[in-house]
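Working notes, beginning with the structure itself.
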């Protein structure tokens, strides 16, 4: 919801990270829904735990585990250090990495190194460029697209759909007309695959089908249950204006917790594979907090999971690699106890039941 204020994109990016680290911005009335599912125990796994590998394939490349370090930040001076450390971890574990929105890099070349740094620290793993729906709606030139791809030698482009965030953002862009047409134009122009993701409100099956028909190759449902970006932007708004009189008290509470749980989105979008539809990969994100969450997501049909908030907090506390190691151990334990020798078996056997 736009208003007459001035604030640079760089300042906004910095405040996003600060609020996510220090503020209470989690959904308060919605969970991911993953807790409603239970991985089914196999008393005869017939496996050697020590030989289990979490490796899998994503967009034609072998990766270390079905986990993406999801889009977080970039476009301000301190972001270079954060992105460099994220890239180092991605390289060590051979995990895909998504950068934050590259709008700032298109606006000001001085901020490009905060994104380019990732490829220097992660020369072999998959890295994905990122741009938002409001920028898409305005139309991106072929030069803009090429600049983003070349800047980080990207393996693909993430387009994030963030209508609720933009609604709450003080300087948000809420004209979402022609986004789908522009997505189709971009997929036709680019030689790399396009990922469409939400940012915490979820993607429904009908919207996923529209995106797939527009040429998108990967759907990241990014459902509710983790960070509420409405709350992040609300915190920015109240820091600046003191109170928020844009909505009624009751309406505000509902809107701050607006969204569809991650598990609900995942099950619905995965069901599209049962009907004629373009082939696609499926990512589960939104409140992923452990390797067990990853395992449940895979068992519900995801090809991989993705996490941003939990990994950002562990990076801030200096425990990112330790966190990733424990998550991989969680995942291998779940594979062992469900009798799944590979990630494909965990996905195809559906060893999961609803509580």
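In case you wondered, yes, glycine gets a Cβ from its N, Cα and C as well.
Since we're looking at a predicted model, the values are computed, not measured.
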Residue from 42, 130, 162, 275 that Swiss-Prot also lists as binding FMN with 70, 71, 72, 73, 101, 197, 308, 309: 130
Distance from residue 165 (substrate binding site) back to residue 72 (FMN binding site), taken between C-alpha atoms, in Å: 14
Sorted by sequence, non-70, 71, 72, 73, 101, 130, 197, 308, 309 residues with Cβ within 8 Å of centre, FMN: 98, 99, 100, 160, 199
Cβ atoms near residue 166 (Mg(2+) binding site) (within 10 Å, other residues, all chains): 22
Where residue 103 (substrate binding site) sits in the secondary structure, as DSSP reduces it to three classes: helix
Pairwise CA distance, residue 70 (FMN binding site) versus residue 103 (substrate binding site), rounded so that it is a whole Å: 17
